Amino acid sequence: MLSVSCPRVYMSRKALDFGQLASCRCRWAGRSGMRVAPRRRMPCVCFVASPSQPGLAAVDVPAEAISSARTTTMIPERISVSSLLEVVSDDLLKLNNNLKSLVGAENPVLVSAAEQIFGAGGKRLRPALVFLVSRATAELAGLLELTTEHQRLAEIIEMIHTASLIHDDVIDDSGMRRGKETIHQLYGTRVAVLAGDFMFAQSSWFLANLENIEVIKLISQVIKDFASGEIKQASTLFDCDVTLDDYLLKSYYKTASLLASSTRSAAIFSGVSTTICEQMYEYGRNLGLSFQVVDDILDFTQSAEQLGKPAGSDLAKGNLTAPVIFALQDEPKLREIIDSEFSESDSLATAIDLVHRSGGIRRAQELAKEKGDLALQNLQCLPKSQFRSTLENVVKYNLQRID
């Protein structure tokens with residue numbers, strides 16, 4: 001079973017090899033001055049980490065553990081984002097009210113940009129995951145409510161994500177996002193780049209004020225990973241020798257790193273054991289990889305109206321994603337077309353057809369489900385609650401997009 005890892009063991013810059021499955025019991029820790037929730041000792045499972053090759057990880061899980069966690073193939077009903085995140089709706093409402101004020105009012109252009117960015121809405125999935133993990137782990141530590149650190153962490157994560165979108169729109173020369181004109185379309189490239197830089201800097205300032213060195217290192221690494229992912233993508237355009245490992249590592253940098261670091265940080269602020277924190281990191285990593293693979297599948301299976309951009313646009317730019325990488329293994333003609341950088345008028349349409357006919361879409365779907373199943377396994381060490389159930393449903397929501 002193939003799985004990419006963070007290129008470090010949190011702070012040590014080494015890879016993770018999640019191998020032998022072990023069992024553990026959840027630790028309970030009371031907080032002074034606070035009533036500790038009733039003690040329940042619940043068996044749970046966790047992974048034991050050991051050094052491995054940089055950037056890669058292998059997972060060896062007993063069959064019975066997989067069968068108990070593998071529920072992604074049966075989704076009884078469609079899940080909507082609004083209903084999915086209802087359990088943390090109050091937390092998200094508070095976050096929305098705070099976001100614009102966090103940007104500050106020093107510069108009218110930045111204020112206007114903040115209105116444009118945060119006013120566009122969005123699912124707020126990343127801060128929602130912070131709240132869900134925070135509340136799912138809080139019971140283990142006897143916390144009755146989330147801390148101010150949990151709340152500020154969610155705000156920081158959304159600011160970092162938004163800053164990355166501003167820069168992505170500049171790099172991709174995108175004119176619209178969420179139905180609104182992008183910052184660089186309204187104010188020009190220079191202002192957009194500076195606005196993104198400002199939001200990265202502002203989020204870093206709030207991050208430093210959390211005064212937790214482990215969380216500071218985790219989230220700071222995310223910003224570095226964003227740049228690494230963009231550079232890796234730019235250096236492999238139209239490269240038919242790009243491997244699945246290369247793709248997964250790039251996807252970790254661009255998507256999964258933020259999710260993994262934010263879910264682990266949420267658990268850290270709950271004060272739970274290192275084992276639980278590691279599992280929350282792996283949940284975010286596997287979920288992030290699954291999300292990226294699904295997005296890359298939709299680039300071939302949805303219409304331009306659904307995508308908000310032409311179908312196959314990543315392929316047209318030379319960005320070879322999972323469906324293409326799988327298709328290249330069986331379709332030599334596809335390599336010829338990509339090597340020519342679609343010089344013929346109908347070559348892109350032919351390439352898209354080859355990706356479909358080769359089974360590349362099907363194999364990418366299997367990869368997305370594999371990562372989703374791993375994410376579900378990572379949640380097994382949490383006590384059952386509506387928050388754990390919602391974290392499971394986030395995995396299912398993602399996979400139902402390719403049903």
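Just so it is clear, glycine is given a Cβ too, placed from its N, Cα and C backbone atoms.
Within 10 Å of the Cβ of His161 (isopentenyl diphosphate binding site) there are 21 other Cβ atoms, across all protein chains. Reduced to three states, the DSSP call for His161 (isopentenyl diphosphate binding site) is helix. Feature annotation from Swiss-Prot assigns isopentenyl diphosphate binding site to Lys123, Arg126, His161, Arg178.
Sequence annotations record features per position, and here Swiss-Prot assigns Mg(2+) 1 binding site to Asp168, Asp172. Here the Cβ of Asp172 (Mg(2+) 1 binding site) has 14 other Cβ atoms within 10 Å, regardless of which shown protein chain they belong to.
What Swiss-Prot lists as Mg(2+) 2 binding site is Asp168, Asp172. In sequence order, Ser174 make up the list of same-chain residues 6 or more apart from Asp168 (Mg(2+) 1 binding site) whose Cβ falls under 8 Å from its Cβ. In the three-state DSSP assignment, the secondary structure recorded for Asp168 (Mg(2+) 1 binding site) is helix.
Taken residue by residue with DSSP, Arg177 (all-trans-polyprenyl diphosphate binding site) is part of a strand. There are 19 other Cβ atoms within 10 Å of the Cβ belonging to Arg177 (all-trans-polyprenyl diphosphate binding site). The annotation all-trans-polyprenyl diphosphate binding site is assigned in Swiss-Prot to Arg177, Lys254, Thr255, Gln292, Lys309.
The transit peptide annotation in Swiss-Prot covers 1-62.
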Helix, strand or coil: which one is Lys309 (all-trans-polyprenyl diphosphate binding site) in, per DSSP?
coil
Would you count the other CB atoms within 10 A of the CB of Thr255 (all-trans-polyprenyl diphosphate binding site), including those on all shown protein chains?
23
Specify the nearest of the binding-site residues Arg126, His161, Asp172 to Lys309 (all-trans-polyprenyl diphosphate binding site), where nearness means the distance between Cα atoms.
Asp172
Spatially, and counting Cα to Cα, which of the binding-site residues is closest to Lys123 (isopentenyl diphosphate binding site)? Options: Asp172, Arg177, Lys254, Thr255, Gln292.
Arg177
Can you give me the same-chain residues 6 or more apart in sequence from Gln292 (all-trans-polyprenyl diphosphate binding site) with a CB-CB distance under 8 Å?
Ser251, Lys254, Thr255, Ala256
